[in-house]
Structures are given as structure tokens and as C-alpha cells.
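Student: Below are the C-alpha cells for one structure; questions will follow.
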Ligand code: HEM
């Protein structure tokens, strides 16, 4: 198969597609900021369940959860649709993409395939999660602990966290490369930094779940 043939699935660049790319980058960055803040918010339970309750009360009093929840879902769906423009959904496109990846042996192209898989997992699981959260308001540390201890939600969160963390880290890396913040020279350093962020997220999440599992309910 010629290189020309296998790259046919890539849509041609237009002014509109450039603008949609910017929109995708901005929405992705905002979602990453949200998830980071969300992890810190839920992580306050490590310090004190009462602190988590107080923060949840504060956000709900301001309707930030009731309005923010559906808004985040909307931004997430929009971000997915913007990304889906480039996803190799059809079998022919997928085979062409795989051949292309194999021929180039290009890490960044392989990372993009991981982006596609994690995007689908996050979209489905985060939609379920947001629905459950909004359906069982108000948020309290005790309710979260009950879900973990008696509701069998732990495996769900492990998969969601792994998918969302990998998706965000790769997304930030690709964004850094596109904006030339990450250059050939500082690339190894940037990769290391992002891996540290990934490890820190895993540690905070582990401690959060440990705290929720050990809470008296
Ligand atoms: C605005 C809507 C959201 C609210 C109100 C919310 C609230 C919460 C709460 C209260 C928990 C604690 C566990 C529980 O109660 O079951 C939790 C856990 C979690 N949430 Fe969300 N969440 C929202 C959106 C999201 C989104 C969009 C993602 C990812 C894309 C996400 C990922 C997670 C993960 C991975 C956990 C497990 C905790 C951890 O591993 O540290 N959440 N969320």
C-alpha cells in the first residue's frame, strides 16, 4: 500500500478545521483544569471528611454543581465531537491508520491511538458518573464512602481514573508540542514532568480511596 493511499483518511486542512482545532485545544485544556480541581476537591477527604462536606455544601449553595455538572458534560461531548472528526471509525480508515502507524513507528502517532481509545472510555464512564452524582445530591463524604464500601464503585473509578489521567497527560503533551512549548530539546524533560504529574494523581487517588474505604459510615 502506498503512503499516499494510507494517509487518505486525514481530512484536508481548511480555515474552519483550523478554528475547530483551536476550539478542541481550548475545551480540552479547560476539561483538564476541571479534572485537576475535581481531584483536589475529592482529595480533601484525606485531610477531613468535614472539609469535603463543607466544600460540597459551598459549591451546591452557589449552584456550581447543579449548573456546572451538565455544563461539563456538554463541554465533554463537544470536545469529543471535535476530536471525532479525526478518528478512524470506519474499518478501512482504521486499517489504514494502523498500517501508517506501523510504517512510521512514530510514538506520537501511537499516542494518538491511545487518545482515541481513552476518549471513548472517558465519555461513557464520566457521563454515567455525572448522572449518578447529580441524581444523588447533596454530595457528602459519607455518601461517597458508602458508594465505595457497599456500592462496588471502586473498579469503576479505577478504570475511569486510569483512562482520564492517561488521556489528559497525552493531551497536554500533544498540546505542548503543537504550541511549541515542548520542543525537541526539552522533550525528555517535559515527558518526565508529565509522568510525575501522572504519578502524583495516582497517589492522591489511592489515598482518597483508602480514606473513603476506611471511613466509618
Ligand atoms: C461536575 C460533575 C462531577 C461531580 C459533581 C463529581 C463528583 C465526584 C465525587 C463526589 C466523587 C467521590 C466518589 C463518589 O462520591 O462516588 C467523585 C469521584 C471521581 N470522579 Fe467525579 N464528579 C464530576 C465529574 C467528573 C468528571 C467529568 C470526571 C472525569 C472525566 C470525574 C472523575 C472522577 C474520578 C476518577 C473519581 C474517583 C476519585 C479518585 O480517583 O480520586 N468526575 N466525583
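Placed from the backbone N, Cα and C atoms, the Cβ positions cover glycine too.
TrEMBL lists 38, 79, 129, 167 with the feature heme b binding site. Annotation comment: TrEMBL describes 20-42, 62-82, 111-134, 154-173, 193-212 as transmembrane segment.
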Student: Between 38, 79, 129, 167, which of the binding-site residues has its C-beta surrounded by the fewest other C-beta atoms within 10 Å?
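Tutor: Sparsest of the binding-site residues 38, 79, 129, 167 by Cβ contacts within 10 Å: 38.
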Student: Within the set 79, 129, 167, which binding-site residues show a CB-to-ligand 1 distance under 6 A?
Tutor: 129
Student: For residue 38 (heme b binding site), which DSSP three-state class applies?
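Tutor: Once the DSSP labels are grouped into three classes, residue 38 (heme b binding site) ends up as helix.
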